[in-house]
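Lifted from TrEMBL, the feature list:
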- A:43-62: transmembrane segment (TRANSMEM)
- A:69-88: transmembrane segment (TRANSMEM)
- A:142-161: transmembrane segment (TRANSMEM)
- A:168-186: transmembrane segment (TRANSMEM)
- A:218-238: transmembrane segment (TRANSMEM)
- A:259-285: transmembrane segment (TRANSMEM)
- A:291-310: transmembrane segment (TRANSMEM)
- A:317-334: transmembrane segment (TRANSMEM)
- A:354-371: transmembrane segment (TRANSMEM)
Amino acid sequence: MNLFRKHPSLPVFLGLLAAFVLAVTLMSEAAGAGLVSTSFVKTLGKTLCLCLIALAMDLVWGYTGILSLGHFAFFGLGGYMIGMWLMYARTETIVEASLASGALPPTPQEVQDAIATQIFGVVGASDLPAIWSLAGSLPAQLALVVLVPAALAAVFGWLAFRARVTGVYLSILTQAMTLALALWLFQNDSGLRGNNGLSGLQNIPGLEQHGQDLVSLWFFWASALALGLGYLGAQWLVSGKFGSVIRAIRDDEARVRFLGYPVEGFKLFVFVLTAVVAGLAGALYYPQAGIVNPAELAPIASIYLAVWVAIGGRGRLYGAVIGAAFVSLVSTWFTGGNAPDIPLGGYTLHWVDWWQVLLGLSFVAVTLYAPRGIGGLFDLLAGLRAPNRRGAPLGPDQGALQEKEADA
Amino acid sequence: MSTLLEVSGVSVTFDGFRAINNLSFSIAEGELRAVIGPNGAGKTTFMDIVTGKTRPDSGRVLFGEKSVDLLRLSEARIARAGVGRKFQRPTVFEDQTVAENLMLALRAHRAPWRVLFWRPKPADHARIAELAAEVGLSDQLPRKAGELSHGQKQWLEIGMLLAQEPRLLLVDEPAAGMTGPEREHTTDLLVSLARSRAVVVVEHDMEFVRRLACKVTVLHEGSVLAEGSLDHVTANPAVIDVYLGRG
Ligand SMILES: Nc1ncnc2c1ncn2[C@@H]1O[C@H](COP(=O)(O)OP(=O)(O)OP(=O)(O)O)[C@@H](O)[C@H]1O
Ligand SMILES: [Mg+2]
């Protein structure tokens, strides 16, 4: 409870989140009001998941100074892990229904073969790959949502941090990891349906009798709960001595070593923890999106994540959330064709095409002119100033907070 | 007095240039020692070796009564074994408050898992206040370290070293860039520090070294040129030749 008193932004954030959930619920189709369409409830639920992964990105980049450009890989993996169960279990019900009409009850082997043919027909295979052996069990796949991103992050982080790879080189390595994973998933024989990905994920086995309006609302609630808990946990993490150590690592890791802290251990801890959070966010996101495919893991997605956090304001939790919510909602608006096209004489400016350019320019503008991002507006309101350090960053490391990002 | 640190036959080469050349000397438990020498003599490099930042090509560095070989440990392990270091330029965590800086340095478990669940007890707050008083920063505790003056940052760093409770403290040019009164305060701090632990001070300024009133080691081209009281070494013709004669 001390946490709430020390960080007034925490109760404000949780309060706003609760009010938002209540408002959306009351206006949803499930509540009969129909002011907010079911598809928009899904968009909002997905946005909350993106806020959660942005929170993870802020921990790893804003607080620890590791500019990871690979966290969307963990997000995608979380989606794949839950998607495997969703697809398998749903296909199982369909297959069992169709086989039930036969004279003899089907053997388990027949059922499995039929499921495999159903799922893998698109990639011309009919055997269930070994990685699908647990797909029939929800608890097992839920465990994998946590374990697979954690294992990948642990192996990657252990190799990279132990070799003391930092700064730009580390960012490039994380990009390479994401790219390699995406390319592997694109292959048909990777066992995850190649570029088709996993689809039909919005149909939750066991919840068929409920309409999408209700199911989407449940996922929206679950996403909000995850974000609230994630925010609370992140606030707790960064408020104590642990937060002090990781911020110190961000600004000057050599100095932290000479204080006796195992810097690599801390980086690995944060990297793995945030990978798990990203995986969980992905597991909540993709059932709302309905489909997960390798394009979701494209390196650009992870770069967007960094852009959101930068635009929201790095090194402050609500900044990351605001950045992710703001940019992804605005992006949905522009790419959804809602923005009016601008006729420019001979050329018509279609926002669907030009939105990316606008985003790129705003990123550059924020970096140059408002390094504290949207979150910095709150500092203006609170009358906080930046420390005057005559342009010097707050530490020698590449990830160190810059003068204009910090508050005095 | 028993030996705390023993450096024997250490050599380091940077791109063919021998920065430390077969360096051997030892520091006793609780000793205060000044190390002087011209620019590029290898003073900072010596500290880099003891603290694990630079790996020598040959030689041994033994520490403590169990004679642990420091060359086999990581920087963090060396720090936990009881070697503290103050850098040439003040290095404190500028985005954090004076209290947070001291709290970071405070002797406690260092593993991530232990740090995660560590919460300061009243005794820890009291210790922080005591340390701040000792280095003269009592009224600066809630301020961000980045806002302190150069001298105050140096003291904060000394306070952090005190909080770490090392058995051996390596201090690189603590008085560089300080004003007269700041220097005096720093000398007093170092002398009082040395009452409970071994301290090695690297310094250029002769007046400063004289005030420390301790044994002096003169380094030159990566090895020991002379050792003894300040008057003894300053009378040494070789020392006058390479160091004092030029100033
Ligand atoms: N990482 C490095 N790479 C290459 N050369 C180095 C490196 N570190 C130190 N040197 C060289 O080793 C020599 C010893 O340097 P060192 O910094 O130890 O001197 P110093 O006695 O501390 O000098 P000063 O009084 O100027 O601080 C110098 O010639 C320096 O240029
Ligand atoms: Mg030096």
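A Cβ is built for glycine as well, from the same backbone N, Cα and C atoms used for every other residue.
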Handout entry: Folded-back contacts onto the transmembrane segment (A:354-371), same chain, C-beta under 8 angstroms, at least six residues removed
Key = 307, 310-311, 327, 331, 334-335, 339, 402, 404-405
Exercise for the section: Go through the chain and flag residues at least 6 beyond the ends of the transmembrane segment (A:291-310) whose CB is under 8 A from any CB in it; none is fine as an answer. Expected result: 50, 53-54, 57-58, 61-62, 67-73, 75-77, 79-80, 83, 174-175, 178-179, 181-183, 185-186, 194-201, 282, 319-320, 323-324, 327-328, 359, 363, 366-367, 373
Handout entry: Close approaches to the transmembrane segment (A:259-285) from elsewhere in its chain (Cβ under 8 angstroms; 6 or more beyond its ends)
Key = 45-46, 49-50, 52-53, 55-57, 59-60, 63-64, 66, 68, 71-72, 74-79, 81-82, 142, 145-146, 148-150, 152-154, 156-158, 161-162, 164, 219, 222-223, 226, 230, 245-246, 249, 253, 292
Practice task
Could you tell me whether the transmembrane segment (A:69-88) and the transmembrane segment (A:168-186) are in contact, taking contact to mean 3+ Cβ pairs under 8 Å with a sequence separation of 6 or more?
Solution key: yes
Fill in the blank from the handout: Near the transmembrane segment (A:43-62) in space but 6 or more residues beyond its ends, with Cβ under 8 Å, are 24, 36, 68, 71-72, 75, 216, 219-220, 223-224, 226-227, 230-231, 234, 237-238, 246, 270-271, 273-275, 277-278, 280-282, 284-285, 288-289, 305-306, 308-309, 312, 314-317, 319-321, 323-325, 328-329, 332, 399
